[in-house]
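What TrEMBL annotates here:
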BINDING   HIS102, HIS242, HIS246  Zn(2+) binding site
REGION    213-240  region 'Disordered'
TRANSMEM  50-68  transmembrane segment
TRANSMEM  80-97  transmembrane segment
TRANSMEM  117-139  transmembrane segment
TRANSMEM  151-172  transmembrane segment
TRANSMEM  275-305  transmembrane segment
Amino acid sequence: MLTMKLPQIFRVHQVPRIFWEDGIMSGYRHPKSSALDCVLSSFQMTNETVNIWTHFLPAWYFVWRFLVLSSSLDLWRDPYHWPLLIYLLLVCLYPFASSCAHTFSSMSARARHICYFCDYGALSLYSLGCAFAYGAYAMPDHWVSGVWHRYFVPAAALNSFVCTGLSCYSRFPELERPRLSKVLRTAAFVYPFLYDNIPLFCRCLPVPQLQSPAPQSGRESRHPGVTLASPHRPPPRAGHSHQLFHICAVLGTHFQLEAILCDARSRRAWLRGRLPVPGLPGTFGTAGLALLGNAAIIGAFTAALPRA
């Protein structure tokens, strides 16, 4: 009977510094693990095990939600639902990309950088998906069809390029200037988060003309609150803080999806009387260009790795 040996686990000073995590003293995988070793390590307790599963399992949850919604809503043929379709696809992408990044990041130092470049790109595209959904269904009444509404999604696409570029660049000074690296990476994701949620922040303000209709069942105010909590990480010695970030991010996405579905259903008649039907260039065209642009940015930083 064949038995499979689990990979060896190391302490922090037994691996190169690029693999170190703040406050994590043990549980490191071999810095030149094979792909099989990386997969097997997800079934033993390492510094990445919870990171892997807290996004791998939710990825399948969001895939299930996508399939259920595809059977109940005409996502592919009804242009009104195209922004929702793009959002759902990107919601499924980002936790899967993050899970893969945490799984295979111990294959080599170069592989570690590339894995997280892809992770950052998926998060940037997810922020664009949020903008698609909010622009289509969650805008305050008096902003609908205005100038800022028309440029909300194109600006979010540009934000995704800035987010990916800045977060990828933040890995280069990671060893020499770790504080600068963290500041750049935090700014790269906080900025598009704040931009995307401007419509929700305004609808939650106690100003009557911004609240028609009001946020549904409190879900919209719950999503920014849970997601805002995720960047404010406790000290790693109190528990691996990145795992708490994963949990908050997934919960925030769940509440966000529920709120978007509620707005898409309750505001459909009102919005269709005031907005043109979404077209292919403004939906799939914009999303496709953003995908290609982010892939090009990741490719450029990957090509720069040997020089770094």
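Sequential numbering from 1, following the chain as shown.
The backbone N, Cα and C atoms fix where each Cβ goes, and this holds for glycine too.
Annotations in TrEMBL come from automatic prediction, not curation.
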Item to check | Positions whose Cβ lies under 8 angstroms from the transmembrane segment (151-172), at least six residues beyond its ends | outcome: 113, 116-117, 120-121, 123-125, 127-128, 130-132, 134-135, 139, 180-182, 184-185, 187-189, 191-192, 195-196, 282, 286, 289-290, 293-294, 297-298, 301, 308
Checklist entry - Which residues of the same chain, at least 6 past either end of the transmembrane segment (80-97), have a Cβ under 8 Å from a Cβ in it? => result 55-56, 58-59, 62-63, 65-66, 69, 73-74, 118-119, 121-123, 125-126, 128-130, 132-133, 135-137, 250, 253, 257, 260-261, 264, 268, 272, 277-278, 283-284, 287
Item to check | Site with most surrounding Cβ atoms, counting all protein chains shown within 10 Å, from the binding-site residues HIS102, HIS246 | outcome: HIS102
